[in-house]
Every structure is written in C-alpha cells, then in structure tokens.
Amino acid sequence: MQLTSFTDYGLRALIYMASLPPDKMTSISEVTEVYGVSRNHMVKIINQLSRVGFVTAVRGKNGGIRLGKPAETIRLGDVVRALEPLSLVNCNSTFCHITPACRLKQVLQQGVQNFLEELDSHTLADMVEDNPSLYKLLLVE
C-alpha cells in the first residue's frame, strides 16, 4: 500500500513537531522549509491534523503550531486513518460485473486492517525518541 503525499507529509509534519520540546511552537513555513513541500499543501494537511486533534494551532503574533497531545499517545495507525482514503478498490456493480462473487475486496480489507494494526503498535514518540540522527537531519537542537 502506498500512502498519498498528503498522509506522507502529515506524518512528516507530526514527526517534526514531536522532535521539538513539548512547549515549543513551530510554524507551517518552518515545516515546509524542512521538507521542501508547498506551503498551500501543508496548510491543508495541518488544517486536517488540527481538526482531528493531532495538532493545536494558535493564531496571532506568538502563535504557531504544535502537537495537540503527547507524542506517546498518537498512534501512527490513527494518523493514517485520519488522513488516508483506505478503500483500495472501487467495488461497484455498475463498474465491475464480478462484484457479487468477488472475494478480492475482503482480502484487501484484511490486508489494510493488518497494516493499520502494525502501525497502531507504534507511536509518534517511537519515531523520535533516542534518534539523534533524526534531530541532526531536522536541525533540531
């Protein structure tokens, strides 16, 4: 399964925020600079992450963005569920004439479930804790 760039950059943005001290705010501009992604694209991603509670956004002069909850409580599977369209096939009887007898959708759904269960066994904190190479690459002190 390949994640969309939306989910990929959502995970990267969360990893960046998780690598910062818990009370430190960052900005969308800073995140886009670190990853070289379009600001407009990142704004949409951060808005979605904010809607589901993974990011807190504060407006104003001293505003910015930061994790909406502790990194150790954010499971990677939950992030993917919030950002990724998880339907792998378009099973519509007008589109595919084998839909009534097809078993492929069930197998694919089980594969997605297994994938998400594996991601659920890892948190955002697991991605950043004791990872000095990551901090160096992200230029985080």
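Heads up, the Cβ atoms here are built off N, Cα and C, so glycines get one too.
Features reported for this protein in Swiss-Prot:
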DOMAIN    2-129  domain 'HTH rrf2-type'
DNA_BIND  28-51  DNA-binding region
BINDING   Cys91, Cys96, Cys102  [2Fe-2S] cluster binding site
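All features noted in Swiss-Prot, drawn onto the structure.
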residue : record                        : Cβ within 10 Å
Cys91   : [2Fe-2S] cluster binding site : 16
Cys96   : [2Fe-2S] cluster binding site : 14
Cys102  : [2Fe-2S] cluster binding site : 13
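Residue counts for the DNA-binding region (28-51) under DSSP, split into helix (H, G, I), strand (E, B) and coil, are 21 helix, 0 strand, 3 coil. DSSP labels the residues of the domain 'HTH rrf2-type' (2-129) in these numbers: 72 helix, 11 strand, 45 coil.
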